[in-house]
Amino acid sequence: MRRNSSLSFQMERPLEEQVQSKWSSSQGRTGTGGSDVLQMQNSEHHGQSIKTQTDSISLEDVAVNFTLEEWALLDPGQRNIYRDVMRATFKNLACIGEKWKDQDIEDEHKNQGRNLRSPMVEALCENKEDCPCGKSTSQIPDLNTNLETPTGLKPCDCSVCGEVFMHQVSLNRHMRSHTEQKPNECHEYGEKPHKCKECGKTFTRSSSIRTHERIHTGEKPYECKECGKAFAFLFSFRNHIRIHTGETPYECKECGKAFRYLTALRRHEKNHTGEKPYKCKQCGKAFIYYQPFLTHERTHTGEKPYECKQCGKAFSCPTYLRSHEKTHTGEKPFVCRECGRAFFSHSSLRKHVKTHTGVQPYTCKKCGEAFKSSSSCEVHERTHFGEKPYECKQCGKAFNSSSYLQLHERVHTGEKTYECKECGKAFLYSTHFRIHERTHTREKPYECKQCGRVFIYFSHLRRHERSHTGVKPCECKQCGKAFTCLNSLKVHKRIHTGERPFQCRQCGKAFSYSKSLHVHERTHSRQKP
């Protein structure tokens, strides 16, 4: 990739000085770069060869690039002058047949799609007027989008709200939000002559239909060098790369949280408004988006339309199916940079990363206990109210989360998909399998920040941490006694219910606690001669 000279320029002087210098330079282009190109054009008319001269002048020689921060410091008048200068420069270069190609991109993605029109060209050549040489500005050579991307320049701004865009096509799409124009209505081009033979969908450009056809052919020309995953579309490929680089360019103005994808930011922003238009009629749970709502409804209906081709297991949503399929391939593409542990899914990696950061932004309103995810906090809050909306159709047992119900259902099916390669032992649940693996590795990944004690299980760490904080969230409704964990509360309740699940095989005597049974069994062993 070509190194951007503006980056080194930025390091040397304050931003205001850089802008002033570049601004003076861009104004000077009307008398330097532009005239040089015109002189070359005139020499061609006189029969002189211009090959050596065009070789000596490139786009970088005659164009001035501003970074996004520098562009923001220019007033509207300066921006308009800059556009006029650059438009003239592009016209002149087009007249002499100058061509621009990003060789790095061509080498990296050969035969992986055509070059796209430069965002700067889109912005500067909105009017299709003719060049002095007789060529139309619409004949300016196509430029690769990466030519402008490194500079951060976004010269297309919305005249209604002032929002700035990299591509003219992005600005056109944005303008529909003001005009309420439907996405499939193309007022700019009118007819859509290119029709897909598979599904009948029509397009304005042949390039658009070629890209669309990949959905039917299954072609995935863009491959990630990090994990080998392939994509049909360039934008999907670029979004995926951010998983490996950790780049989060989209930031919420309300809370400062950053996201990899614009769609994720838009989804997050609705959390601040509190709007949840999709409500489940069965349990009353509300959702911001339709897709999670649809997936949730299937926990009540039992519908599982997505089936694994390997083992026939069915799932309620495609995400669960994709995660499951990796258990067959053994693929774990998501690696923690802190400890090197690998995961099947990106969501699992995100949950794991929080064990290193210690961030627990979600707090129970009832007892004050903090959680790493909103779903965990929501499930926990149900323990206070005794709410268990998810019921097993086999045995009638109820659970406070759909995931617990799904795990429980394996008890009836007897499915044990997770097998230890060390000893061959099989497990119903991936969590039990991972915990078992630590018996071989002796790994204790969970450390108490207060005293440094380490634990094999996260639940043990949480229980231990309460010994420092004194928090006892689990309270007995019978006598009011509080406990640090739910298991201790369950054991305590036997005092009130009289339940004695532990029975002696020798004499049949029953006990409320396993410890009491062990003590009792010793009385039999001592009686033996």
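Residue numbers in this text run from 1 along the chain shown.
Even glycines carry a Cβ here, placed using N, Cα and C.
Between the stretches 53-75, 76-98, 306-328, Swiss-Prot puts its zinc finger entry on 306-328. Long-range contacts of the zinc finger (474-496) within the same chain: residues 383, 459, 462-463, 466-467, 512-513, each at least 6 residues beyond the stretch ends and with a Cβ under 8 Å from a Cβ of the stretch.
Beyond its flanks by at least six residues, the zinc finger (390-412) meets 296, 299, 302, 375, 379, 382-383, 428-429 of its own chain at Cβ-Cβ distances under 8 Å. Using a cut-off of 8 Å between Cβ atoms, the zinc finger (334-356) and the zinc finger (278-300) share fewer than three residue pairs, counting only pairs 6 or more apart in sequence.
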